[in-house]
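A.B. asks: Below is a structure I'd like to ask you about.
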Amino acid sequence: MPTVDDILEHIGEFNFFQKQTFLLLALLSAAFTPIYVGIVFLGFTPDHRCRSPGVAELSRRCGWSLAEELSYTVPGPGPEGQAFPRRCRRYEVDWNQSALGCVDPLAGLAANSSLLPLGPCRHGWVYDTPGSSIVTEFNLVCTNSWMLDLFQSAVNVGFFIGSVGIGYTADRFGRKLCLLITILINASSGVLVAISPTYTWMLIFRLIQGLVSKAGWLIGYILITEFVGLSYRRTVGIFYQVAFTVGLLVLAGVAYALPHWRWLQFTVTLPNFCFLLYYWCVPESPRWLISQNKDAKAMKIIKHIAKKNGKSLPASLQSLGPDEEVGEKLNPSFLDLVRTPQIRKHTLILMYNWNLGVLVCSSMCDIGGIITPFLVYRLTNIWHELPLVVFAVVGLIAGGLVLLLPETKGKTLPETIEEAENMQRPRKNKEKMIYLQVEKLDTPLN
């Protein structure tokens with residue numbers, strides 16, 4: 001019986017229907033950008049200093065400029081250019097006392113202002129920004145800066161759990177149903193993030209958004225690759241991710257126009273509700289329907305695709321078969337990725353590099369995303385360039401490990417676990433075996 005790929009060769013592997021569906025799902029890919037990298041704008045940390053009661057009044061009375069006010073009332077940058085004292089500490093001075101003058105007001109209290117005692121910011125902070133972010137609204141600076149790291153880590157926890165579970169869920173309940181559910185939850189939780197009254201609620205809704213957003217993105221990827229013919233799968237997969245890059249460019253422009261984080265969150269979230277219209281625009285994957293023995297529904301969708309592409313479906317192709325014929329039922333599991341030595345080695349290398357792109361390796365990327373916010377933001381407190389050094393070293397190690405993969409050795413890629421394990425056996429033995437087999441087959445013909 002013909003497979004879906006056989007039928008697509010006759011009705012169009014990438015014609016009008018596939019192009020239309022690709023454009024629709026590419027919008028979904030672009031809309032994933034604000035969730036994945038939105039922390040850059042939502043969590044922007046502007047220059048800040050402690051709010052000190054009385055300083056504003058003294059500055060007004062003395063007619064200071066902003067530069068003079070900062071010079072007189074804010075501690076210096078500290079040793080080796082560190083900005084921590086300037087941003088997170090304040091002079092333990094009562095700025096309301098009348099004895100303070102307008103010219104170097106601290107001169108009467110100490111010969112050198114560096115000798116004055118410093119204390120924490122007890123009255124909040126002043127932020128030098130015309131807009132707002134979750135940092136400025138919830139004061140996620142200084143001793144509370146770890147809460148910004150947690151905010152980004154929460155969404156990556158969601159990515160990890162969602163990307164691990166979506167494969168089974170989409171296989172069990174179908175691609176289209178899972179896509180629509182993830183879109184609805186993603187859009188709803190995004191709106192709830194924008195109206196969250198407290199940091200705790202914002203964190204909870206961001207976690208929920210992470211649980212479904214990457215899962216929905218992966219389902220879109222699966223759908224488009226299952227709708228096109230074999231020769232176009234790689235191309236649509238690449239351009240599906242190009243759409244994500246386009247989303248980065250659009251996000252930067254929107255964030256520039258909307259400097260207030262709540263309005264930005266609303267703006268990038270509300271379009272997701274439009275994706276619910278895909279209920280009428282994107283059909284279920286016929287490949288999944290066949291796997292569920294729903295051949296009649298699959299054939300109905302295939303005829304719809306043929307009609308959209310302006311093709312006719314020959315009667316000889318109106319009976320369906322599975323994409324692969326196998327002699328026995330296989331029950332693959334995650335354990336197969338680490339059960340044998342060569343597969344285990346390749347799996348660990350790919351998990352380190354994340355160039356497989358789906359499921360386990362994608363999940364390892366999310367684990368990295370959970371750790372990275374704490375790593376990057378805290379390392380900058382030690383040395384500003386230290387995160388770059390760490391990432392450079394990690395990248396060099398990744399480049400070296402890739403050289404151990406068969407893809408980089410000009411070898412034919414294995415199709416089964418057994419072939420992967422046999423790749424390490426000497427090629428000479430294999431050649432001898434083939435030669436002996438040919439010689440043996442030639443003997444009866446003489």
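Each residue, glycine too, has its Cβ placed from N, Cα and C.
Relevant sequence annotations retrieved from TrEMBL are reproduced here:
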type	residues	note
DOMAIN	100-446	domain 'Major facilitator superfamily (MFS) profile'
TRANSMEM	21-44	transmembrane segment
TRANSMEM	150-170	transmembrane segment
TRANSMEM	177-195	transmembrane segment
TRANSMEM	201-224	transmembrane segment
TRANSMEM	236-257	transmembrane segment
TRANSMEM	263-282	transmembrane segment
TRANSMEM	354-376	transmembrane segment
TRANSMEM	388-405	transmembrane segment
A.B. asks: If contact means at least 3 Cβ pairs within less than 8 Å, sequence distance 6 or more, would you call the transmembrane segment (177-195) and the transmembrane segment (388-405) in contact?
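C.D. replies: Checked: the transmembrane segment (177-195) vs the transmembrane segment (388-405), no contact.
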A.B. asks: Who are the long-range neighbours of the transmembrane segment (263-282) in its own chain, taking Cβ under 8 Å and residues 6 or more past its ends?
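C.D. replies: For the transmembrane segment (263-282), the far contacts come to 21, 24-25, 27-28, 31, 34, 38, 41-42, 176, 179-180, 183-184, 186-187, 190-191, 193-194, 223, 251, 254-255.
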A.B. asks: Can you work out which residues elsewhere in the same chain, 6+ from the ends of the transmembrane segment (201-224), have a Cβ less than 8 Å from its Cβ atoms?
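C.D. replies: For the transmembrane segment (201-224), the nonlocal Cβ contacts are 18, 21-22, 25, 28-29, 32, 35-36, 134, 138, 150-151, 154-159, 161-163, 165-166, 169-170, 175-176, 178-179, 181-183, 185-186, 189-190, 192-193, 236-237, 240, 282, 285, 358, 362, 366.
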